[in-house]
């Protein structure tokens, strides 16, 4: 698959999947950014729906719908979707580019070896490293959008959630320090292991269950891509959930935490070890659905794009041939 083709199909598919489950993503973020009442600050200014703690995602979605209507469930969706598109475009672009370059280099290094059987594929560790490299690059581009999106999701009023107001509030609260828009970057960089685990797991599972199609996701059916996406995302989410919770706490409205270690230590001391996996069920639900849809959409988009390129090439060649005949 071409690098640009991979980036475009991956980005479009991820944006479509994000829109499909956005209310769940919104509720999940709010749940993860909640703190226990006993340790709340004296002032509730900027907190998520002051004096309210949601029991679960369903309770959160119902109450948001009652108070804000259907649009309340899509608060901050525009920025989140743009951030998702950009992050995945950059990720898939660099992942495909780095992986192809690495495999080319590896293949050249093995050309001198004789009796090599079967295709050359990266090991699980190599897939993880390649994924981390690509995800780290994407984090640098999209961290500010993630900060704005999380703030939009966790403020109470629709007025405060407006894009320009969020930008102004973050800038003012940090005394003009522009690095505040990269708050949580360290956690984000640590979380690059999440998509790395996801895509490494996807590649390994694809080789195990669909060995004949291991080099092309576009050759799998939408159902096959969906199942592999679900399984691979479940693995990565369970491993990295504490960091996901810490990132939500760092970037939420009214957050007083400055590092993910501080946020995790606070949770452990005040709410116990179990709280480090707070919201893991909605995170898993959202994650596996999005990842499943992403791989399914991406596979179908890849097939559609190839068909369009083929039709365009056929039309161009036919039209060009007719012009040459006419000129003679």
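Glycine is no exception: its Cβ is also placed from the backbone N, Cα and C atoms.
Of the given residue ranges 78-98, 99-119, 162-182, Swiss-Prot assigns the label transmembrane segment to 78-98. Within the listed segments 44-64, 128-148, Swiss-Prot records transmembrane segment for the stretch 128-148. Taking every recorded stretch in 1-21, 128-148, 185-202 and counting its Cβ pairs under 8 Å to the transmembrane segment (78-98), the highest total belongs to 1-21. Counting residues per DSSP class in helix, strand and coil order gives 75 helix, 0 strand, 26 coil for the repeat 'Solcar 1' (1-101).
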